[in-house]
Each structure stands twice: as C-alpha cells, then as structure tokens.
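The next block holds one structure in the form of structure tokens; read it before the comments.
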Amino acid sequence: MTEEFDIRQERYRGNDGEREVENKLRPLTFDSFSGQDKVVENLSIFVAAARLRGEALDHTLLHGPPGLGKTTLSNIIANELGVGLKITSGPVLDKPGDLAGLLSSLESNDVLFIDEIHRLSPVVEEYLYSAMEDYRIDIMLDKGPSARSIQINLSPFTLVGATTRSGLLTAPLRARFGINLHLEYYDVHTITGIVERSARILEVSCSHDAAVEIAGRSRGTPRIANALLRRVRDFAQVKGSGAIDKPIACYALEALNIDRYGLDNVDHKLLATIIDKFAGGPVGLSTIATALGEDPGTIEEVYEPFLIKEGFLKRTPRGREVTELAYTHLGRNPRPHRPSLFD
C-alpha cells in the first residue's frame, strides 16, 4: 500500500525543489488566502486587535484534515503581526530541553508553530503549560539529592498549534488555547480559483476547464490541488504543447489513477479490501490496517475523513462499513440487505 502513488503524501516525499515550489504557492496575507472565510475573517480581527494593543496574539489552535492551510495560516499570522516565526512539530520535541531552547530563542510577540501538536510527549507538554500561561519554564538540573530547579523567563509569544486529530489533545492543553478554529474541506469553485492562481505563479497556461477538472479531483484540499497541478504540468510539457487544457488534464489524472471523485489506488484498495475480505463490514480499524499493511493512525487520519465525507465509508459502533455508493463506484453488486432484529 505504501508503494502506491499517493498524492496526499507528496508534501513529505518531495525534494527541496518541490518544497520550494510549494512555499512559492503559499499566500502571504489574509487577503490572498482563498476559502475558510469565517476562519480568516475571525483571525484577521484577532490579529488586528493584538497588533493595535501591541500584545501577543492569544494562543491559537487550528484543527482539521491535512492540507487545508494550517501551516499557511501560521505564516500569515506572523506576517500580519510583523513578528518572527519558528516552526517545529510535536514528534521533534523529544525532551524538555528541546522546548526550552526553542522558547528562549523567541523574541517579544513572536509566533511558535507546532505541527502535529497532538503528538507531543507528556513530559514536554507539561513544560508547555507554564510557558503558555505565565511565559516561564522551570527546568530541573541534576537528579537525586542534588537536584535543583531553575526558572527561565520568556518573552510573550503566541503558540499556534495544528492538529488533524483534535480529539487526541489532552483537556489541560486544549484549555490553554484562547482561539480554537476548525478548517473545513474546500468547495470546487474555491479550489478552481486556487489552481488558476497557482498556474499563474508557475507561469503555465491553464484553461478554466482544465482547472475545474483538477479541482474536482483534489478532494477539497489545496495541497492536493497544487500537487496535481504540478504533475499535470509535467504531462503537458512532455505529452502536449506545454499548455494545460482539459484533454491533457484528464489524460494526466487518469494516468495517475485519480478518478472523478478524487479517489486514488489507495482509496480503491481500502474499500475493496473491506468488500472482498470482510463482506463490506463492519470491521475494526486495526483489522483493516493489518490487511493493508498500514498504520491504523494513518488510515484514520489521512484516508478515512474524505471517504466518510463523500459517503463511501461510514463508522458504526461495530467498526467501519462501506456504503452502497462504494459498491457502485467499484463496479460491484451491492450486498443483500441484512435483516436486523427489528425487521
């Protein structure tokens, strides 16, 4: 499963050149950010108010599926505040010393962005509490009878935490965020505009019909839309004239096994596994993960949300179950109705 082409993981597999292109496509201001209208409206007000008062913005939690703009919004927050930004992630902060070094390097009102904040180790999270509330941390030196604590005072700062699994955050950590915002999947119209903007930045000709086609297969996710645009551009340059029109876009997307719903080989394999091996479900997440050779957290965090949103998969108290739409989409005969105790 991990060897299949998976456009959702392109951000992590890309080389330095690809990451440079991705950064080039990021909006730098609230005005240039498309979609998430209510989130952007509220954030822009909070940021403007903090700037007027000369204070650090309240700690902010951004949560929602991957690729919707959490990292981009953290960059915009720092840009709009006119302060510095430091970026890290939960798994990287192994020890309290890692956190202390990062926090002590922040200047007044700077922004610290922690991606995957739900993956912070408990001991690091404990140290973060006093930093968020009182702008100080207490570090223990030595062990045993000679152990002593030193207090490090910090400059006021804003912590922007991002997570795809807000339910895994502990209650004490969640309570320390003054701003809590959820990002939703984008509609096709908004994604089309993002594709057209990215095409202009990349200096590639892209027709409106082609942009609509790419947007329709992007799973409502800007990161995927931009990744698909770059791959379609490759096909246009090698197999076409260099310009992206609807025929070359369709050709490229079919070659990448991205269907009209935006499902790829990984999605098809997941749904087919539940149908073929488990009679359509219900089946437990860990059982599915074992059958696919994949991590349960990856399935739950990366693959499932869109399949559930689009009606291909549902969660029940007894496990995951595919829907009639999944049978139809895969060209399978829907299973017979199973009578319940109340039929």
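Cβ atoms here come from the backbone N, Cα and C positions, even for glycine.
These come from Swiss-Prot:
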| type | residues | note |
| --- | --- | --- |
| BINDING | Leu25, Arg26, Gly67, Lys70, Thr71, Thr72, Glu133, Asp134, Tyr135, Arg176, Tyr186, Arg223 | ATP binding site |
| BINDING | Thr71 | Mg(2+) binding site |
| BINDING | Arg315, Arg320 | DNA binding site |
| REGION | 1-186 | region 'Large ATPase domain (RuvB-L)' |
| REGION | 187-257 | region 'Small ATPAse domain (RuvB-S)' |
| REGION | 260-343 | region 'Head domain (RuvB-H)' |
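The structure, with features from Swiss-Prot marked on it.
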residue: Leu25; record: ATP binding site; DSSP (3 states): helix
residue: Gly67; record: ATP binding site; DSSP (3 states): coil
residue: Glu133; record: ATP binding site; DSSP (3 states): helix
residue: Tyr186; record: ATP binding site; DSSP (3 states): coil
residue: Arg315; record: DNA binding site; DSSP (3 states): strand
residue: Arg320; record: DNA binding site; DSSP (3 states): strand
Would you mind reading off the Cα separation of Leu25 (ATP binding site) from Arg320 (DNA binding site), to the nearest angstrom?
37
Taking every residue in the region 'Small ATPAse domain (RuvB-S)' (187-257), what is their average pLDDT?
96
Please report the number of other Cβ atoms within 10 Å of the Cβ of Gly67 (ATP binding site).
26
Using a 10 Å radius around each Cβ and counting other Cβ atoms from all shown chains, which of the binding-site residues Tyr135, Tyr186 yields the largest count?
Tyr186
What's the CA-CA gap between Thr71 (ATP binding site) and Arg315 (DNA binding site) in angstrom, rounded?
29
Candidate with sparsest Cβ neighbourhood (10 Å radius) among Leu25, Glu133, Arg315, Arg320, the listed binding-site residues:
Glu133
Helix, strand and coil residue totals from DSSP for the region 'Head domain (RuvB-H)' (260-343) stand at 42 helix, 9 strand, 33 coil
Fill in the CA-CA distance, Tyr135 (ATP binding site) to Arg320 (DNA binding site), as an integer in Å.
44
